[in-house]
Amino acid sequence: MAIFEEPPNSPFPGILSSSPSPVGSVEPASSMETLPRGSDSVEATRETRKIEMYSPLYYAACTFGGLASCGLTHMAITPLDVVKCNMQIDPEKYKSISSGFGVLLEEQGFRGFFKGWVPTLLGYSAQGACKFGFYELFKKFYADLTGPKHASKYKTLIYLAGAASAEVIADIALCPMEAVKVRVQTQPRFARGLRDGLPKFVKSEGVLGLYKGLLPLWGRQIPYTMMKFASFETIVEMIYKHVIPKPKEQCSKTLQLAVSFAGGYVAGVFCAVISHPADNLVSFLNNAKGATVTDAVRQLGLWGLFTRGLPLRIVMIGTLTGAQWGIYDAFKVLVGLQTTGGLIPPTTSNQEHAKQS
């Protein structure tokens, strides 16, 4: 299904311009005089301001939706994240999920559960904006490069490539806040939060120290995001194909959002498993000054690297990913767009063929 037209002489096919789409856009009214007066004006405005697919405004909407979905959800699970990080760093003290909550409450009080919430909110908001916004852009870009004959056949590779490309950029935005967050959460006397933690971290480690965990972060997040997007797109497509007895466009928005949450949760479980070793490395490196990957492997061991804190992370990431897709797609519906998944990547050539037929 092609819903995008290539501008003449564009060096980036199918990214910066758009044409009307039968599923994703409605032409705006030519004059404000066409709007009815009175109580119907709000509904008319909504109908005439839907966003054209793959236009700059479309990418802006996806960026904002990603910002909201990732920032809010990661902030909401800060207590789980605090316990998880401490289980990874000090397993002798934080032996299990339940005992970890008890130890944290006893030693740091209720406030201890929300340590690092500010860098969490800021860091993952920035990451989510880049992750979702650039994913939509790269997915379209790679679909156009592949061409109409092969886009459907290689759609999973397009999802994987788009997700990996987007996450490389997103993690550069996340890394400084992630470094401060882990240090604040795992060292109670280090700092109270971002305001005093960031200057103290920079003074101790230097500005480049904020990025010393970037490679492990890429190692955690790139496979995670590739799995997150590709498995979600595939799961949603399978649900619409084998579970729901009618096409996606005929389903209610409520049902589409329920599919988004369910697909997101299952995808999140896969994400947690594939990215957990790198998550342990990130926590270890950001906790101790001068720590190396070799130190982490020596201290944690290979088994510990793959399993320490994994059950909690499966629950956390499954719920988190389901909620993120739910919020993201709810925002897309709010601005007049379709929910994600269940459709093959559109290509410029397909759009041109559709216009000629």
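Glycine is no exception: its Cβ is also placed from the backbone N, Cα and C atoms.
Note: TrEMBL annotation is automatic and uncurated.
What TrEMBL lists as compositional bias 'Low complexity' is 17-31. The annotation region 'Disordered' is assigned in TrEMBL to 1-44. Summarising the annotation, TrEMBL assigns repeat 'Solcar' to 57-141, 154-238, 255-334.
Sorting each residue of the repeat 'Solcar' (255-334) by its DSSP state yields 73 helix, 0 strand, 7 coil. For the repeat 'Solcar' (57-141), the DSSP counts in helix, strand and coil order read 74 helix, 0 strand, 11 coil. When averaged over the repeat 'Solcar' (57-141), pLDDT in the model lands at 93.
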